[in-house]
């Protein structure tokens with residue numbers, strides 16, 4: 001099998017996006033369009049990925065700093081052929097070269113594998129698609145069924161404009177052939193640009209075979225030149241993700257109101273209500289229920305967990321049979337054990353909460369360790385920050401913390417301790433101790449409240 005190199009064209013400015021971002025950095029499912037294409041190239045086990053860039057070079061390089069690509073600069077954008085000419089010096093003669101577009105993010109590995117398999121030994125294969133409205137696309141010109149040319153919209157005559165089979169721009173041939181044809185391109189056309197479409201005519205002139213594979217799903221090859229098209233690609237992508245999850249057994253209450261911006265691994269009988277967003281890598285156990293409006297990013301969630309509406313989790317783990325929300329926030333480093341209860345307006349950050357413990361209302365637990373079977377009342381705060389440094393609070397097992405308690409870290413609360421409501425804890429508490437620190441309550445009989453002056 002020949003080696004494979006992929007060339008991704010990503011030099012365009014994207015004027016119709018009306019944005020400072022290069023077009024290919026606009027996102028589908030939370031990921032830049034060009035990153036989708038790079039990931040597909042990786043799935044094909046490409047030996048090299050050449051990224052043609054121009055506009056927004058610094059932004060592209062910063063967003064894609066970790067990607068294994070060969071950066072190829074295109075100073076002037078003089079057409080697709082000109083872009084490929086910049087990459088040609090890197091082509092090995094005996095390798096396959098696959099040309100892709102950074103603003104067509106939904107192209108699939110399976111379609112590209114079919115295209116590569118269809119490439120003649122001595123020839124070129126291109127990906128086409130039939131469109132009801134082919135306006136703006138290069139038309140496929142055939143003679144006796146064989147592809148002989150591609151004519152761009154602005155260069156097509158009246159008869160050619162009636163053709164509905166169009167060029168997607170995706171093609172594959174060997175490096176030696178591409179280099180030969182690229183050297184013979186000219187810009188004698190209405191746009192004054194160098195078209196890769198002219199390569200098909202040159203291949204025919206040289207007696208090379210031209211194969212064509214038609215994409216079965218036209219959305220796979222759609223690009224995004226403006227935000228309307230970008231939104232259409234987003235909705236289509238989300239529709240396909242929702243469809244797949246439903247067929248795998250996940251109950252999406254309304255598939256049209258669910259967004260997956262990463263990967264979701266799931267067990268059986270999971271149920272996800274409307275307007276839930278999944279980001280990054282999320283793993284659900286069996287029978288997990290997620291209420292409306294939740295946002296969950298990079299989390300692992302155990303069996304039989306119930307997440308009530310409008311909760312936001314990031315980089316957290318949740319044990320089996322836990323109940324969380326509504327309106328709860330788990331920040332990075334939150335680790336909840338089995339059968340924990342986290343209630344409304346509770347925030348947990350870089351903290352562990354032991355099995356069976358309850359933090360039910362209006363509480364902040366940060367940089368802390370909470371043992372098993374504890375109860376933290378409403379308004380409890382772990383005061384973990386002195387303006388410069390973070391400190392840890394350690395709470396043992398079976399500890400009761402009353403409402404409106406401040407735990408000023410660093411502080412340790414031993415097993416079985418009880419802390420009365422309104423207490424400010426600044427010293428360690430021993431095992432089974434009761435701690436109360438309150439201003440003595442005063443009663444003033446006959447007190448007259450101040451009155452407003454009229």
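Every residue, even glycine, has its Cβ placed from backbone N, Cα and C.
The region 'Pyrophosphorylase' annotation in Swiss-Prot covers 1-227 and is backed by sequence analysis.
Of all Cβ atoms in the shown protein chains, 16 besides its own fall within 10 Å of the Cβ of residue 225 (Mg(2+) binding site). The UDP-N-acetyl-alpha-D-glucosamine binding site annotation in Swiss-Prot covers 9-12, 23, 74, 79-80, 101-103, 138, 152, 167, 225, 331, 349, 364, 375 and rests on sequence analysis.
The secondary structure of residue 103 (Mg(2+) binding site), as reduced to three states from DSSP, is coil rather than helix or strand. Per Swiss-Prot, Mg(2+) binding site is recorded for 103, 225.
Note on the region 'Linker' (228-248): residues 17, 26, 28-29, 105-106, 219, 222, 255-256, 258-260, 264, 266 of its chain, located 6 or more positions outside it, place their CB under 8 angstroms from a CB of the stretch. What Swiss-Prot lists as region 'Linker' is 228-248, and the listing cites sequence analysis.
What Swiss-Prot records for 249-454 is region 'N-acetyltransferase', and it gives sequence analysis as the kind of evidence.
Sequence annotations record features per position, and here Swiss-Prot assigns active site, proton acceptor to 361 based on sequence analysis. Proximity of residue 361 (active site, proton acceptor) to non-local residues of its own chain (separation of 6 or more, Cβ distance below 8 Å) is seen for 343, 344, 345, 346, 377, 378, 379, given in sequence order.
Annotation note: residue 378 (acetyl-CoA binding site) sits in a coil segment as assigned by DSSP. Taken from Swiss-Prot, the feature acetyl-CoA binding site covers 378, 384, 385, 403, 421, 438, and the record attributes it to sequence analysis.
Using CA atoms as reference points, the binding-site residues 9, 12, 79, 103, 152 were checked against residue 438 (acetyl-CoA binding site), and the closest is 103.
Each residue in the region 'Linker' (228-248) gets a DSSP state, and the totals come to 20 helix, 0 strand, 1 coil. The Cβ neighbour count for residue 103 (Mg(2+) binding site), using a 10 Å radius and every protein chain shown, is 25. Distance noted between the C-alpha atoms of residue 9 (UDP-N-acetyl-alpha-D-glucosamine binding site) and residue 103 (Mg(2+) binding site) is 8 Å. Here the binding-site residues are 9, 378, 421, and the one whose Cβ sees the fewest other Cβ atoms within 10 Å is 421. A gap of 59 Å separates the Cα atoms of residue 421 (acetyl-CoA binding site) and residue 102 (UDP-N-acetyl-alpha-D-glucosamine binding site). For the region 'Pyrophosphorylase' (1-227), the model gives a mean pLDDT of 95. Note on proximity: of the binding-site residues 12, 79, 152, 375, the one nearest residue 103 (Mg(2+) binding site) is 12, by Cα distance.
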